[in-house]
Amino acid sequence: MSEPVTSADTENSTQTTQSTQSTERSTVSGETDERIQQSWLDYDFEGEPKLASKELDVHYGSDHALKGISMEIPKESVTALIGPSGCGKSTFLRCLNRMNDRIKAANVDGSVTLDGEEIYQDGVNLVELRKRVGMVFQAPNPFPKSIRDNIAYGPRKHGDIDTGLLARLSGRKDQKKEDEIVERSLKQAALWDEVKNRLDDNALGLSGGQQQRLCIARCLATDPEVILMDEPASALDPIATSKIEDLIADLAENYTVVVVTHNMQQAARISDQTAVFLTGGELVEYGDTDKIFESPESQRVEDYITGKFG
Amino acid sequence: MSSISGFERIRQTTGSDDGALLTGAIGVVLLGAAFVAFLMNSTLTIVPVVGFIVVTAYGWYAHQAETARALTLLATTSTVLILVLITVFLILEALPAFQLMGLAIFAVEKPVELFGVTVIPGQDPLWSTSQDLYSLTPMVWGTLITTALAMLIAGPLGIAGALFISEIAPPTIREIVKPGIEIMAGVPSIVYGFVGYVIINSYMMDNFALPTFGSLFVVGIVIGLMSLPTVVSVAEDAISSVPPSIKDGSLAMGATDWQTMKSITIPSAFSGVSAAVLLGVGRAAGETMAATVILGHTQALPEPLYDVFGNTETLTSLIASQYGNATGTHMSALFAAGVVLFVSVMFLSVGSQLIEARMKRQLGGNQ
Amino acid sequence: MSDGYGSKLVEGQTSALERVTTGVVGLSIVSCLLGMTSILRWTTESTEFLGVSLFDFFAIGLLAMGLTLVVIGVASRTGMVETQPDRNVGAFTAVAIGAISAVVVGLVVSQTLGLGTLVSVLAALVAGAATTLAMLLVREDIGSTVPIGVLTAVVGVLVVTGVLGPEWSWDPEAFTATFNGTIVIPALTVFCGLLSAWAAAKANEGFGTRGRQNGAYLLIGLNAFGMLAILAGLIVFIASKGIGPVLEGVQLGAGFDWPFVTNGYTLSPNEPNGVFPAIVGTFWVVLGAVLLAVPLGIGAAVFLTEYAEQGRFTAVVEVATNGLWSTPSVVFGLFGYAFLVPRLGNNTSLLAGMLVLGFMLLPLVVITSREALISVPDEYRDASAALGVSQWETIRSVVVPAALPGVATGVILGVGRIAGETAPILLVMTGGLRDNAPNILGSFEFTSSPPFVANDALLQSAPALPYQLYATITAGVSGDESFGWATALVLLLVVLSFYAVGIASRFYFRRKLHQ
């Protein structure tokens, strides 16, 4: 009974009532009866895409939660996924590191590639995939352990640092390496100055915003290439939110960040490109953030952004 | 005490009229009278009982809400009262034995001295009804050995079973295993005992050349199997109460499911899991029929002490096997065995509750 | 990382390593199962299996598994097969292997070489520590295969060469028991088989974190399977022993007769003995306990969840309830003996049994009812209160009905538990093997002196199924073993049918809730 459904998207996807046809380009949906056009989804950028999805469909039992999503995500940038509740944006995010595998009823069809390598094929090493594609969740979820143990968790589990009993007996404890990783990650997450004197305190004693930055630091400690963030600031107050937003902007220099948000101002502030999902699990428009917010091509996206619905 | 304050509260919160209060007061007085009469073994107990029923019926008719509330309070109080009565009567009955034996109720064969002071008195034989000697040491030892053996089985296997059910098994298999474990808890202890008595005891004599019928080893294994379901279900509750969000956090970092269980789930549920083991210990120590039926009933320590294939007695089997022909101090000594058992199990129960409360507080900070 | 461990995103398909290790796991599990049959003496050393005697099969199998494991370890270390081992085995594996080596060395030094206790203990400690430390010097692929492989192969060699044969026997001074080869060989086979299966499962996933997960899952899965097998074995065994006498003399059709269920314990040679009085007694005692415990328990649960504010009083009640729940049944029996028996006619009686079992059932009803009541959403209460309905009306017509399925399930499971209880009945109700069933309804009569109502049947001892089984044992097994098995079967059926109904109703209500 522990299905990790953390986002409202999956629960609300039952709202999809309209009939769906097999190809998403011709799907008719919503009140506006508008066809999604290929040109709205084409997004040209330089270089190879870091992540790319092609014709990605997700079913939860009989619910069709994502319909034929194809999009390419450039590296070292911030991509925002926006849309109303139940539009499938969190589901899409969870496809990118195969966290949907955890939900028994979820059925994923189509393709997702990481640096051109298919992640939905036999023989994919989930450990390796999730090391390279890190994730930060909606509500801060630090482990009930010390701050240090939280940060060092990933490297320890992956055998990069060994602080086990045997290693200690043989005097091979990688303490120095661990200290470096802890310090580097916490500094990257702009948390170092606040916690450097209490690394051995329980992480649950931190404030909500600090906990979320700890979770980001924890994710950075495993040296990911991509960081997925599922509404990372939705449970935080405005000050903590702005700290997280600054952090995301900094991270984009070295990492590919994909962030789900339902806060349009936030998406406009932090992202380089934006993808708009609308009710029914469709990707309606994708492109430069400025363009999406200033001159969207789809009438439905414009209605959503100007607050007429959604 | 509590019932009076309950009525006060009723008056304050519902603003009920004096009629309801009077009815309640009469009801309480009648019930108290009935209880006292029953304690004094009076044949007139029936009079206040009937009175109470009449008053309750009137109250239900005239002031239903207040009566219902008072009755539920009464039911609550009765739970506590039963525990108090058990404690009081057990100790009252055991008192003569404690008075007769003093410290020697835990006597061993040769006195143990520390700096010339006898810490534990010596006595030989340890248990003899004809000489009025009642040392509970062999039974305590027997209970300890069988419980330890049982927990060697039920502890690790139970926790592994709980992990399997809550974390590993696919849903369809879980739907089979979980009720299976529950049914295992339902098999009456006398049935286990009968199998142990008829089958395992002869098996041990045939294949391990045991000289006597019954052994602590067999009892330990049977009791271990019997307390296994308790450990599994309580540990499973604890493990599945770990918030899924922190497990997701671990998995999303590329930890395997097993690493997540070892490093996140079990440490987070540690209090609950240890409470499960403590409850299992309580069940194992209090298990009566299997021990009674399987053991050979010798009230002496095994030789050497750790000879698990030997025979002795457990606290429970002592009571069940000797109550029939016991009178006077002998019976009182059996009650003393009950007190030792009861007190130990209460400690385990309260201990496990404290641990569980701690776990709730800890995880509560995360939600 | 730097050590060049495999870290590819996509790995190759089934390899030779996977096929070989799957074979080892399969062989180990087959050996374990056969070993269990031998320990239970369903098979013996002379049983033929695949053309060889069973113990020879064990020996050859152990040898094969052990050598294969060693080869796998070496092949992985030398890079002949592709794996992702960690630098060392985990602490648990190291300590476990150390402990095994300590036991082996200790036993050999003390028993085979005949040296004294002190020397043996020292040798064992040194060996254990040395083995554990040695695990530090080797990579995980060697550490988790070679020691187990060597142990398994050595056992295999000992059996093959006949050093350890069925005639072998060991009579340690410290224990009364004698260990014979007929049991020791299959026991070692099971033990080594489990270890080999574990090691091979790790190798199957190429060691490393996923290898360890595979190994752990295998053992945990086998454990769950074992528990179910024990349960199924027990039920099937009792059924097979008891079904004959239970069905003896059954006549279907017009002259329907089922002597075992409809007869009493007649002691006459012409008439089959039966358990009718015990079934009736069990029915009455359970009914009495339910009538006492269910209203009290639900009442208490309602008070605790609906009326009481969480505070010291509720905390005390909670501790008391949980305490009562874990109180051993024999203590309830003693309490009944001291408190109820003297006040209920000074002899063991059905009424005392009802009360004591009711006291035992009470905490369970309180706990399960509380859980059910707590799980009723507060929205129901708020909605009802917002309509101006009083608290008591809300409880009566909204809260309790919504919680009823949970309460009912809890009560049914609790009844299953007390229906099989023997210890309390032993002290307060007794009533052994007898011919006539208690006649409760027919025994009510009015008297002129207080308490004005009397019921002899209630105040007399009465039989019950669990106690009847105990009485069969104390009467001596030689007397009537098949009667015992039949009673056990009927008792098991009665209790398990309560459980089946309870579990099925929970399943049903949960289904209904989710629709």
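Note: Cβ is positioned from N, Cα and C throughout, glycine not excepted.
Because the structure is a prediction, the values reported are computed rather than measured.
The transmembrane segment annotation in TrEMBL covers C:20-42, C:54-76, C:88-109, C:115-138, C:145-163, C:183-203, C:215-239, C:275-304, C:316-338, C:350-367, C:398-419, C:485-509. Residues annotated as domain 'ABC transmembrane type-1' in TrEMBL: C:279-502.
Counted over residue pairs 6 or more apart, the CB atoms of the transmembrane segment (C:54-76) and the transmembrane segment (C:88-109) come under 8 Å in fewer than three pairs, which marks the two as apart. By the Cβ criterion (under 8 Å, sequence separation of 6 or more), the transmembrane segment (C:350-367) is not in contact with the transmembrane segment (C:183-203), since fewer than 3 such pairs are found. Contact between the transmembrane segment (C:183-203) and the transmembrane segment (C:275-304) is not supported, since fewer than 3 Cβ pairs fall under 8 Å when only residues 6 or more apart in sequence are counted.
Same-chain residues lying 6+ beyond the ends of the transmembrane segment (C:275-304) with a Cβ under 8 Å from its Cβ atoms: 260-265, 314, 317-318, 321, 350-351, 353-355, 357-366, 369-370, 372-373, 395, 399-400, 407, 411, 414-415, 418-419, 425, 429, 431, 434-438, 440, 462-468, 486-487, 490, 494. Within the chain, the transmembrane segment (C:485-509) has long-range Cβ neighbours (under 8 A, six or more residues past its boundaries) at 235, 238-239, 241-246, 260-261, 275, 278-279, 282, 405-406, 408-409, 412-413, 415-416, 419-420, 465-466, 468-469, 472. Tertiary proximity for the transmembrane segment (C:20-42) is limited to same-chain residues at least six positions away from its ends with a CB under 8 Å from its CB atoms, namely 49, 54-55, 57-58, 61-62, 64-65, 68-69, 72, 182-183, 185-187, 189-190, 193-194, 196-197, 200-201, 203-204, 218, 222. Using a Cβ-Cβ cut-off under 8 Å and counting only residues 6 or more beyond its ends in the same chain, the transmembrane segment (C:88-109) has close neighbours at 115, 119-121, 123-132, 135-136, 138-140, 143-144, 147-148, 151, 212.
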